[in-house]
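To start, the structure under review is shown below, and the notes come after it.
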Amino acid sequence: MARVTVSVLKDKKKRKEKISMLTAYDYSLAGMVDEAGIDMILVGDSLGNVVLGYDNTLAVTMDDMIHHSKTVVRASKNAMVVGDMPFLSYHISKKEAVRNAGRFIQEAGCSAVKLEGGSERVDTVKAILDAQIPVMGHIGLTPQSVHQFGGFKVQGKDLETAKKLVEDARALDQAGVYCIVLECVPSELARRVTEEISVPTIGIGAGPYCDGQVLVINDMLGMFRGFTPKFVRKFANLEPLIMEALKNYKAEVEAGTFPAEEHCFTIKEEVLDRLY
């Protein structure tokens, strides 16, 4: 089976088939996500929160993203791997944006990049597309703008911001993005956007009417001890299982019951006798 492509995703929207996406940041989990048949793996700058321990995503660098993206690409065979462009990697100039987007493709082996912002990012999006690099848009709550928004808040609840969201979606669609993430917006507004634009929408906290869904894998597996957003469903609760395993390991090491005989290698007695 070949990797999922832009055309595959667009065909899914036409057939009204839902698109699945999850984040992943390491070889082990990325391999499992791929084997499960998830359409896209986003190497998200959310690794700043769930992997690197920052309060937000703003401290994540291009080198951080390339390092983790390489790992995810090596682990996956079928999913489209999308590299998330971090803060300031596409804000300074179009030239720098293209160079950084190119690193995700050339160095890491990703199939596409994602960047945040609406109408104000159209020229940047077009420049990256001119370099033959597929671009995923991201509007609504854009975490790299957390200080501008005054925190992590639902977007598009009043007429002015709802109109802005629709305009941004139209602008990105016309610019040529292959899909758009809608984050933390009212469900009915997300439905309007999804019905209006030609490319798939991927929701995170945007209700059931989007063409697809994405979650942070650490959240949906119940592995992250930090804040869990309202829109997250824990499909597993692994933290207590992991904690139990860690405590059992400690107890068995201290009691001398691990490693047991079945975990050990042997050597012939005559070899030992000839050591000294």
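Cβ atoms are placed via backbone N, Cα and C, with glycine included.
Small disclaimer: the values here were computed from a predicted structure and weren't measured.
Swiss-Prot lists Asp84, Glu116 as Mg(2+)-binding residues, and of the candidates Asp45, Asp55, Asp63, Asp64 the one it assigns to that same site is Asp45. Sorted by the number of other CB atoms within 10 A, the binding-site residues Asp45, Glu116 start with Glu116, the lowest. Other residues of the chain with a Cβ within 8 Å of the Cβ centroid of Asp45, Ser46, Asp84, Lys114, the 3-methyl-2-oxobutanoate site, are Thr23, Leu42, Val43, Gly44, Leu47, Thr57, Val60, Met65, Gly83, Met85, Pro86. Under DSSP, Ser46 (3-methyl-2-oxobutanoate binding site) is assigned to coil, being neither helix nor strand in the three-state scheme. For the recorded positions given as Asp84, Glu183, the lowest number of other CB atoms within 10 Å of the residue's CB is seen at Glu183.
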